[in-house]
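Working notes for the structure below.
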Amino acid sequence: MEMDRIPRTPTSAYSTDSSQSALEPPCFPRSPSQMSVASEADSMAPLGTAGAFKCDIMVKFLRQRQMEKLWSNSDFEEGVVLKRAKNDFICQPTKLLFTQHGLFEQIGRLNVKVAMTVNTDVIQSFLQTSQLPYVPYLDSLRIQVLPDITYLSDCKKHHFAAFIRDLGLLVVWHNDPEQIISRAEQIEQHLVSLLWKDENIVVRGAPPSKTPSINLVEKVDTGSEEEGRRYDDKPRKTLLYQSILMSFVAILVVLTIGLGWRKVAIEVKTEHSYLRLILAIVIFPQIWLGWFFFQTLVNGISQVVGPVNQMDSNSRSFSGVRSRRLETDTLPHVTVQCPVYKEGLWGVIDPTMVSIREAISTYEMQGGSVNIFVNDDGMQLLSVDQVKERQEYYEEHNIGWVARPKHNPSPNVQDGEKAFIRPGKFKKASNMNYAMNISARIEDGLARVSRHETWSQQDEDNAYRDMLGQVLKEDQGRTWADGDVRIGDYILIIDSDTRVPADCFLDMVSEMEASPQVAIVQYSSGVMNVTSSFFENGITFFTNLVYTAIQFAVANGDIAPFVGHNAILRWSALQDIAYMDDNDDEDSAKNGLAVEKYWAETTVSEDFDMALRLQSKGYDLRFSTYFGPEGFQEGVSLTVYDELARWEKYAYGCSELIFNPLRYWATKGPITPLFRRFLILTVMNYFLIGWFNGYLDHYYVDSFKIYFSIVIVFQALGTVSLAVLRYRVSGRSLLGCLFENLKWLPLLTIFLGGISLHVSQAIASHMLSIDMTWGATAKEATRTSFFDEVPVILRRFKFTFSFCVVTVTAMVVLAGVGPLGHVVPHYWLITGFTAVWPLALVVAFHFLLPLVLNPGLMQFTF
């Protein structure tokens with residue numbers, strides 16, 4: 001479209017009213033906890049007398065320091081500007097107030113916390129002798145050079161500095177007034193070093209024009225930085241190592257099933273009866289169930305003795321090394337999409353935004369541009385004060401956002417309410433679809449705008465603001481939105497509790513630009529711990545284990561996964577697979593529901609569905625690990641309740657992606673059930689082995705043999721192979737890795753052994769079309785006590801405990817214990833170890849799960 005030719009810079013004009021948006025992230029932010037406190041203190045609350053006095057003292061102090069350092073020649077455009085409250089700025093000297101389109105007015109439009117001018121002979125000399133469009137800075141970054149002061153309000157705000165060529169001075173701004181002096185000193189010192197050691201700069205291909213476009217490249221340092229920035233641009237190959245491993249898995253599956261059918265053949269030959277051939281109907285379910293077991297076995301052996309160099313290289317679906325960084329003056333525009341709900345603003349959302357703004361600052365100083373697009377599904381559900389606080393926060397930090405109406409299928413017409421449906425069992429997909437539909441409608445409107453030859457960025461901003469207002473007017477107040485909600489070339493999708501690397505955007509877009517067939521690059525994530533509870537630490541270990549397994553499989557040539565966050569997506573690819581939902585009609589569209597869908601709303605596994613549709617269109621997915629575990633970080637479940645809900649959601653999503661509900665089997669074709677309900681199988685095994693041990697067909701394998709095999713492969717081999725793999729790949733201590741694995745083995749054994757009933761419930765709910773919904777995962781720790789947890793456990797696990805009590809009672813009676821046990825005939829008693837042990841473990845783990853894995857209960861705090 002024509003508008004794409006206009007440079008994309010998030011500006012203060014992106015607003016639905018006359019007030020200006022803000023963008024004032026710290027260039028060198030403090031720790032998240034400190035930052036959140038400082039941000040809350042600097043929120044746009046009404047300014048009292050004490051606050052005004054504090055700001056007056058600070059601006060005078062900064063002006064005094066400016067004069068002491070000889071950074072001012074007392075010109076009209078020199079001084080300090082400080083923001084006291086929303087649309088309320090003060091300055092020193094006060095004569096800045098009277099200059100039209102001067103420093104004070106431009107800083108007000110830029111909307112930053114504090115700004116200061118720096119006028120020295122060094123800066124003047126550099127600007128007089130250099131015609132460069134920007135100044136090289138540390139680590140291949142750059143600081144912008146503006147023609148005059150009027151360009152300041154629309155500059156790259158995350159540079160946190162700008163040289164003004166006609167005035168021969170530097171303007172520095174910051175989020176913290178106490179840090180602005182050191183920021184200015186750092187830039188001045190670097191400029192002196194730059195002029196003294198000019199051989200560190202290579203100027204290439206400067207065209208003879210008034211405003212030359214020159215590529216500046218700083219020589220790469222040697223040592224650890226060079227090693228950290230190594231790249232690999234060799235042609236990517238498709239590895240077949242995983243295919244070889246899977247062939248061994250297939251051999252083992254066929255072999256074991258063949259051994260079972262050997263026994264069937266002997267029995268048929270002996271008894272001259274072909275009735276046992278009916279067991280053929282379970283061959284495919286057996287293949288499906290046995291595949292994961294043997295895959296774990298083969299992968300475990302491969303991790304111990306197989307090759308591992310592929311985990312530190314690049315292939316078609318895996319990136320262990322960065323691509324060569326782009327060297328161009330114009331970098332792709334990236335949109336950071338962050339769906340949120342009712343998470344705490346200062347405890348969850350703000351630390352994430354601090355992390356994102358630091359990365360944005362780096363990318364803008366490299367020549368790129370980024371906007372933040374929050375899909376706030378909780379905005380219209382909060383109190384008036386909370387809504388105001390969020391909106392002011394978004395405005396203050398130039399965050400674009402969209403909020404849809406609350407779920408209201410049965411409105412109260414007398415109160416003026418209107419019906420609105422939030423589709424989906426897990427509302428994340430429909431939330432993102434709704435927000436992206438608003439952006440698409442704005443783009444459609446802007447595509448119809450005719451642009452004259454002198455069309456400027458300000459004209460584009462005004463057109464955007466008008467179109468946003470028009471879209472909101474069409475929705476008749478249902479949609480709330482403000483800020484820049486346009487979507488760039490690429491989308492970085494994150495969760496509300498994510499931390500991103502400070503220098504990640506350039507590596508991301510470089511890889512995407514080098515591989516146009518790649519639609520998604522999923523990044524490996526570390527874990528950001530919120531508490532020190534043993535349960536969160538255990539889930540942290542399990543999450544790292546999962547990412548290690550994914551890294552090993554994909555590096556071997558397996559298909560890359562997409563987990564729904566911490567991934568960069570190609571916007572054109574998402575548009576390519578967009579579809580019109582058959583369930584939407586014209587009335588739904590008029591009611592504000594998204595019609596064109598990017599994310600599947602009919603499944604709780606929208607990320608898996610997205611990956612399948614993209615690959616069906618011919619796109620590739622890729623898994624990347626070059627940022628390491630300290631790069632992207634995500635939160636994990638803080639309580640056993642949230643982790644159980646997560647597993648239920650995964651089970652429900654996998655079931656609905658593979659099977660149709662039972663009621664549709666007659667109309668959509670019969671589907672062989674490929675899953676086994678753990679409870680039914682275990683209970684059946686208990687009675688079959690207990691009553692008919694020795695009389696069963698030899699094709700039947702009892703639960704104890706399966707249990708013994710699982711212990712050997714998953715717990716024994718898995719523990720050792722994981723330790724050996726991390727030792728071989730990461731260089732960690734073998735004994736240390738082995739001890740870590742053993743330390744968390746009991747927790748994982750209880751948890752995984754106690755979720756079968758809950759997972760079966762989710763699968764059965766889908767198959768029987770029983771409605772299940774899940775809320776957002778808790779992102780903040782809450783204070784609780786022993787007596788607070790007891791009623792919660794009894795309420796949430798009452799059916800689980802009932803199952804345990806009934807099952808234990810039946811086992812005791814059938815074992816011949818107690819008054820009722822003596823009534824049971826001798827031939828119906830079940831006392832064999834192989835029959836009792838598997839079911840006893842199931843009951844024990846389900847009973848222990850909500851008790852021993854609950855830190856609020858086990859700490860015995862009263």
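Going from the start of the chain as shown, residues are counted 1 onward.
Each Cβ is built from the backbone N, Cα and C atoms, and glycine gets one as well.
TrEMBL does not curate its annotations; it predicts them automatically.
As annotated by TrEMBL, region 'Disordered' applies to 1-35.
As annotated by TrEMBL, compositional bias 'Polar residues' applies to 9-22.
Over the domain 'DUF7928' (54-200) the predicted model carries a mean pLDDT of 87. Residues or ranges marked as domain 'DUF7928' in TrEMBL: 54-200.
According to TrEMBL, the feature transmembrane segment maps to 239-261 (among others). Cβ atoms under 8 Å from those of the transmembrane segment (239-261) belong to residues 283, 286-287, 290-291, 294-295, 297-299, 302, 306-307, 310, 315-316, 318, 553, 555-558, 699, 701 of the same chain, restricted to positions at least 6 beyond its ends.
Feature annotation from TrEMBL assigns transmembrane segment to 273-294 (among others).
The domain 'Glycosyltransferase 2-like' annotation in TrEMBL covers 490-706.
According to TrEMBL, the feature transmembrane segment maps to 674-694 (among others).
Annotation comment: TrEMBL describes 706-725 (among others) as transmembrane segment.
What TrEMBL records for 745-764 (among others) is transmembrane segment.
Under the heading transmembrane segment, TrEMBL lists 799-820 (among others).
Annotation comment: TrEMBL describes 827-849 (among others) as transmembrane segment.
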Query: Taking residues 6+ outside the transmembrane segment (799-820), which of them lie with a CB under 8 Å of any CB in it?
result: 683, 686, 690, 757-758, 828-831, 836, 839-840, 843, 846-847, 849-850
Field: Within the domain 'DUF7928' (54-200), residues counted as helix, strand or coil by DSSP
entry: 72 helix, 34 strand, 41 coil
